[in-house]
Amino acid sequence: MPVRRGHVAPQNTYLDTIIRKFEGQSRKFLIANAQMENCAIIYCNDGFCELFGYSRVEVMQRPCTCDFLTGPNTPSSAVSRLAQALLGAEECKVDILYYRKDASSFRCLVDVVPVKNEDGAVIMFILNFEDLAQLLAKSSSRSLTQRLLSHSFLGSEGSHSRPSGQGPGPGRGKYRTVSQIPQFTLNFVEFNLEKHRSGSTTEIEIIAPHKVVERTQNVTEKVTQVLSLGADVLPEYKLQAPRIHRGTILHYSPFKAVWDWLILLLVIYTAVFTPYSAAFLLSDQDESQRGTCGYTCSPLTVVDLIVDIMFVVDIVINFRTTYVNTNDEVVSHPRRIAVHYFKGWFLIDMVAAIPFDLLIFRTGSDETTTLIGLLKTARLLRLVRVARKLDRYSEYGAAVLFLLMCTFALIAHWLACIWYAIGNVERPYLEPKIGWLDSLGAQLGKQYNGSDPASGPSVQDKYVTALYFTFSSLTSVGFGNVSPNTNSEKVFSICVMLIGSLMYASIFGNVSAIIQRLYSGTARYHTQMLRVKEFIRFHQIPNPLRQRLEEYFQHAWSYTNGIDMNAVLKGFPECLQADICLHLHRALLQHCPAFRGASKGCLRALAVKFKTTHAPPGDTLVHLGDVLSTLYFISRGSIEILRDDVVVAILGKNDIFGEPASLHARPGKSSADVRALTYCDLHKIHRADLLEVLDMYPAFADTFWNKLEVTFNLRDADGGLQSTPRQAPGHQDPQGFFLNDSQSGAAPSLSISDTSALWPELLQQMPPSPPNPRQDLDCWHRELGFKLEQLQAQMNRLESRVSSDLSRILQLLQHPQGRPSYILGASASSDLASFPETSVTRSSESTLLVGHVPSAQTLSYGDLDDHIQTPRNFSPRTPHVAMAMDKTLVPSSEQEQPGGLLSPLASPLRPLEVPGLGGSRFPSLPEHLSSVPKQLEFQRHGSDPGFTRS
């Protein structure tokens, strides 16, 4: 697996930085885009919404002059000053009277701070709002506290220095100081800004608003400093790579990779030679040589000293190396790096870096030499680094087998050193000489001589023999040529056999299982990576796009660990799938207001439909003109919405963007691009899935649509007449207008000939204009487009119904011998027998041509004129087929029959307007069609015997 690099791609952390700067200061601010018309608001925090009572949906895209917060008592001079500051891109502070949503007013102190880019151009404005009454209360409380402290201090000091009889006593001064508290409380409760602006009091210092501005100058300067144009305080609105402190080393840099491999080789050297040196340091021969030739007589000791120095340098480098925290963020702050290293591997690295050879050189006693030699085995703690370094290769089968073999050999090497140390320690004290070293000397003809320290087998013979014994014992293949003879040797042999049986069973006995288990994940990774590379090679993807593909694949693999959630869920029953999905999306379903009040079953059904997606910075989620078939919920990160490369909105956590599906029968097209600024986690649900679930829970559907607040509606309002609104009474249209029942219901069916009267009707149905003329014009255009959209959809349905009815009429005229389907109520066969044989199609005088029209063909209006002609001599009972291109066709009679009934075959067809043709979600389905009205039912023909004549 690749190195865990963390979130190292360039990110636009503008919004996250501003929120992090302000979250501990209880700020109420908004951000406006200076490059848009009217400096539209693109973000407002929760504190602003709580202060004024508006939701974020109601504030977004409004001008940053905040005209919606002004009222009748708002001074025009303050509004002009604010507008002038925005127009001139100047920093200023404005004291203004604003109104909340509930019509309550309060005095507000507004700080306007322009934000410039790297070229010096103003791109954004940040407006900070403070309640002036709260500032006065804080300033007054601080002033009272200071005065109480000063009075108490002066009173206590004066009581000791004032002569008797001069001034009040200590008791009276104390009482006076305390007596001010109730009076201040009363004044504070009855505090009136206008009353105390002109007046003054001797007991309590009432601060005027301009004094508040002066006293809060430091606070405002802090805000300005936070919002200043310096690159080290306020981030620029652009993609920025993570800032790395000077002197720190990236954990994925080439230098760190080379250094890690060098340390890895040194650790392997330590693991091999440290037990060997510790075992042979116990020999008197080495000690005697050390005393005669000094510390540098052994090259191995010099190498050990160099290794110790390298380990110390590695500790210093680790204090300056970045790491990845639990949030996949690269941490480069030296203090945080030091704390993280102290809590982790510092103790192990420090113990392993102690230069024991220097201590041995300074102390010459045998006991100290033996102890220090044993302590050198602490260097084996460095093997933890090997496991940490090689863990990333644990999914490669060949590497795993190689590591297992090396581990087996390393353990055998350690046991061989211990086996030699046991024999070397016991040999001088054994009588008779039955140890394995004496037996080896007898076999080789190199017996030990007590007077000659150099006697006996060579070091190579002793080490190879010890290694041979440990390998044969670990693999349970003992030949007996090297055998334990003393009790210590036998106990050690038992331990070796126990370790060998465990290792043999766990490693060699399960090699096939280890290979299969380890190859599964890496096989999937390499298979997917190979597909990506083949796709890139086949389609000749350019290098920048190729790099994005590979980085996204690696990041997505590390993010999901190659787990396909859909494939995993398919193996579980549906009830368990719903529970798992409910757990995965629990944060969204619990905190989003739109899902509150839903039943457990509804939440389970919604959770199954939700999908989670992860987007890296710079990835475009929605392009301009894309079909809006998905609703997105942001759970982490921030995104920007662009129109013509101009930022129109910045969305963050808990924001929603897309299109409210309740307002339109068909999905619209996106009016902007949606691009990720940081690494984002989003929940998305398809339009069809959402409507399907809400159709199953109609009681919750109304609550959901009322509570759903889409932070930014991406639907293109000017994209043409594409869909029909699916609305409920009292809801909002796509542009935010509230429609009543008469406006949102199905409009009457209008004919093509009546389109000339459309404009006066639309003008009469328009709602009252708001006070702002510009908003009035925008509302009129949007309402007009909405009405035209309704009209177009209803005319399309009307045309399909008329074509269907005409095809049925032509089919009836083609088959005169059969029973007419339009004769309703004829039940007896005798009625058909008595029906006259002369019909319209058999008349010689008739010129009605229908024989060449296929029965399944649907005719248009022009084709009908070619096939249906009016005869010259037409019987009173012969039907006149008249076409009205803009009306629904129904039969009418030229002569009224007795009883007020109409004969369809003796009368021409007359037009009839049928209200309410729309309103069905799927009008083409038979089960959704409404019942036939009574005036549409064809009556019996006059020659029908069942017809009652008067």
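Placement of Cβ uses the backbone N, Cα and C atoms for every residue, glycine included.
The stretch that Swiss-Prot tags with motif 'Selectivity filter', taken from the ranges 68-73, 290-295, 476-481, is 476-481.
According to Swiss-Prot, the feature intramembrane segment maps to residues 464-484, out of the candidate ranges 464-484, 548-568, 590-610.
In terms of DSSP secondary structure, the topological domain 'Extracellular' (420-463) contains 24 helix, 2 strand, 18 coil.
Note: the topological domain 'Extracellular' (485-490) comprises 4 helix, 0 strand, 2 coil (DSSP; helix = H, G, I, strand = E, B). DSSP places the residues of the topological domain 'Cytoplasmic' (320-340) in helix, strand and coil in these numbers: 7 helix, 5 strand, 9 coil.
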